[in-house]
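Enquirer: Have a look at this one.
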Amino acid sequence: MAASTAVAVAPDWWNDVNNSPMWQDRSFHALAMLYGAVSFVALVQLIRIECRVPEYGWTTQKVFHFMNFIVNGVRSIVFVLRRDVQLVQPEIFQHVLIDFPGLAFFTTYALLVLFWAEIYYQARAMSTDGLRPAFYTINGVVYAIQIILWMALWWKPVRAMVILSKMFFAATSLFAALGFLLYGGRLFLMLQRFPVESKGRRKKLNEVGYVTTICFSGFLIRCVMLVEIVPSALVLFILRKLPPKRGITQYHPIH
């Protein structure tokens, strides 16, 4: 009798919390602070890199941190203004405000996959000419499909279209996870073949391994839930080291 009462009480307690505007606001504000903190760290890291190597212009590393700053900053603002966002009309703009940072998040980490792919291809003496066009094409297709889904949802705002849009986000997350597994795994295995006596090489091997594992797992989990902040925070921590001032061979400007 007591056990069945406890089982009955637990869902009621959860429903009370889940349906409480006060708890919802606290959750939104907590998420806003977390995303804001990650955005601030990304901005600080961008400024540090710019002060360290200003002569290299907009490198892949700088763009990566800038995109992290934008994505997490926008997420923070959306959570701060969540109640106002829910009142935006027409309703399609609510979906755009909530979903667009997810697209930018995909682009941010696709850029990291591109960077690793370029390093891998260059180390194997293979041409990298097709990598950047492929990166732009993939992102263009992803954004175009999402815009079409938004327009369809605006034209016919039914539950099925919302589910289809979420399934598309899940598919892009799975695609990104496979990208990290493919090129991160290749780069990790390639680095393993090199001598790792030096501390710097061991650190680079660990860095690639940790980031590959975190991003693959994060994007895989993101197929079913929103977990952008976890890989963002962990990757920024792992990639916190500044580039050297001279003798940079793997540092590529964005053209």
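Don't overthink the numbers, they just go from 1 along the chain as shown.
Every residue, even glycine, has its Cβ placed from backbone N, Cα and C.
What TrEMBL lists as domain 'THH1/TOM1/TOM3' is 11-226. Among the features that TrEMBL reports, transmembrane segment is placed at 28-51, 63-82, 102-121, 133-155, 167-189, 210-239.
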Enquirer: Any chance the transmembrane segment (102-121) and the transmembrane segment (210-239) are in contact, meaning at least three CB pairs closer than 8 A with a sequence separation of 6+?
Expert: yes
Enquirer: Along the domain 'THH1/TOM1/TOM3' (11-226), what average pLDDT does this model show?
Expert: 84
